[in-house]
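If you look up Swiss-Prot, you'll see Gly14, Ala15, Gly16, Lys17, Thr18, Thr19, Arg119 marked as ATP binding site. The annotation Mg(2+) binding site is assigned in Swiss-Prot to Thr18. According to Swiss-Prot, the substrate binding site annotation covers Asp36, Arg60, Gly82, Arg137, on the basis of sequence analysis.
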Amino acid sequence: MSSRPLAVLIGSPGAGKTTVGRALAERLGVDLLDTDAEIERRAGKTVSDIFVEDGEEAFRALEREVVAEALASHPGVVALGGGAILNEQTRADLAGHRVVYLEVEFADAAKRVGLDTARPLLLGNPRARLKALLRERLPIYQSLATLTVSTSEHTPEEAAELIAKELPAAGD
């Protein structure tokens, strides 16, 4: 079996990387490595707590380490955190991988990350921030993708099926 991922899923928060990743890994009979979950396991705290307690720089450094290891040696499906593609070295490391961009409409992403409910003012405007993130990152996601699948138009199972059909048969 290959020591590189069969597929690497990228996309914004709420795109369904973990959910589609689970469905795809199950369909292919391999493991899913969700880089955010691996970061939490290594740090012993949530991504949110890492950001608050240690800062974004510390989070991004740990994320870079986890992503580099996954891209070099995980033989299943890898789901990257939404911002992992901001790292130049990560973008370079993605070259030659089967990178699947999970595209999502803003309204669906907002709903999936819980921004469709009333929020206290002290949070600022998280919907505007999410919209800005989607707009800023879109060209990067598109430039890295070898395949794009809409998770607004397809269920996670349908998305996994579409991705699986595009992957080479085992041994190719």
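Heads up, residue numbers simply count up from 1 along the chain you see.
Keep in mind that glycine also has a Cβ here, set from the backbone N, Cα and C atoms.
In sequence order, Ile10, Gly11, Ser12, Pro13, Ala15, Lys17, Leu133, Arg137 are the residues near Gly82 (substrate binding site), counting only same-chain partners six or more apart with C-beta under 8 A.
Non-local contacts of Asp36 (substrate binding site) by the CB criterion (under 8 A, 6+ apart in sequence, same chain) comprise Thr18, Val47, Ala79, Gly81. Residues Asp36, Arg60, Gly82, Arg137 make up the record's substrate site, and a Cβ search at 8 Å around their centroid adds Pro13, Glu63, Leu80, Gly81, Gly83, Ala84, Ile85, Leu86 from the same chain.
Among Asp36, Arg60, Gly82, Arg137, the residues given in the record as binding substrate, the maximal Cα to Cα distance rounds to 18 Å. A separation of roughly 21 Å, to the nearest angstrom, links the Cα atoms of Gly16 (ATP binding site) and Arg60 (substrate binding site).
Applying an 8 A CB threshold to same-chain residues 6+ apart, the list for Thr19 (ATP binding site) reads Pro156. A simple Cβ count within 10 Å picks out one of the binding-site residues Lys17, Arg60, Arg137 as the most packed, and that one is Lys17.
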